[in-house]
Amino acid sequence: MKLIVIAVLLCAEAIRVSSDCPTIISRNRWGAKPPKQVQTIRLPVEYVVIHHSATPTCLDEDACSKRLISIQNYHMDVLKYNDISYSFMVGGDGKIYEGVGWNKQGSHTTPQWDSRSIGIGFIGNFTVEPPQKDALDVAQQLIKCGVAIGVVQADYKLLGARSLKPTESPGDALYKEIQNWDGFVRSP
Ligand SMILES: *[C@@H]1O[C@H](CO)[C@@H](O)[C@H](O)[C@H]1NC(C)=O
């Protein structure tokens, strides 16, 4: 009897943890092509890096999927990366799209930082206006999810891409926004 109660409590705990996680549109669903090479990283990561794609945004799954395909093509064919550079992307539709995912090394900063971080790229150019509230919310939910499932350190540091490489990313308006988020630091 005691064992059954414990089992039920454990199940309830597992469900609670996974319900912290937003729905993630898988690579398969948005139409990703396979990576050229895969390098896994050590988890949990210490850093979360926020980027913008500096492309037009997208407002529904169909448009966002097309945008991800074009970003992946550019990263693999022109920039010669192994895959799309980000761990995840956030659409203007308020949905999370899987990039390389939690446990694979992206190419969103430099190898030194890529191996110790996840990179979240907002689809759009957020120099003047920040992303919509539901996009901002779902990105923060994704980070909380990462902590809950043990792939992001509880005391993670959150950075704008501009703190790790010469870039405007994540755009002035989004950079201002993330300064209010948990874990924000100006330099690693
Ligand atoms: C992003 O928007 C800013 C302000 O409108 C513009 O100056 C910049 O060129 C844009 N970036 C890209 C890569 O299009």
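Cβ coordinates come from backbone N, Cα and C, glycine included.
Residues or ranges marked as signal peptide in TrEMBL: 1-19. For C21-C145, C58-C64, the entry in TrEMBL reads disulfide bond. The domain 'Peptidoglycan recognition protein family' annotation in TrEMBL covers 22-165. Residues or ranges marked as domain 'N-acetylmuramoyl-L-alanine amidase' in TrEMBL: 33-171.
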Which of these disulfide-bonded residues has the least crowded Cβ, counting other Cβ atoms within 10 Å: C21, C64, C145?
-> C21
How big is the Cα-to-Cα gap, in Å, between C145 (disulfide bond) and C64 (disulfide bond)?
-> 22
Which residues of the same chain, at least 6 positions away in sequence, have a Cβ lying under 8 Å from the Cβ of C58 (disulfide bond)?
-> C64, K66, R67, G91, G92, D93, I123, G124
On average, residues of the domain 'N-acetylmuramoyl-L-alanine amidase' (33-171) score a pLDDT of 97
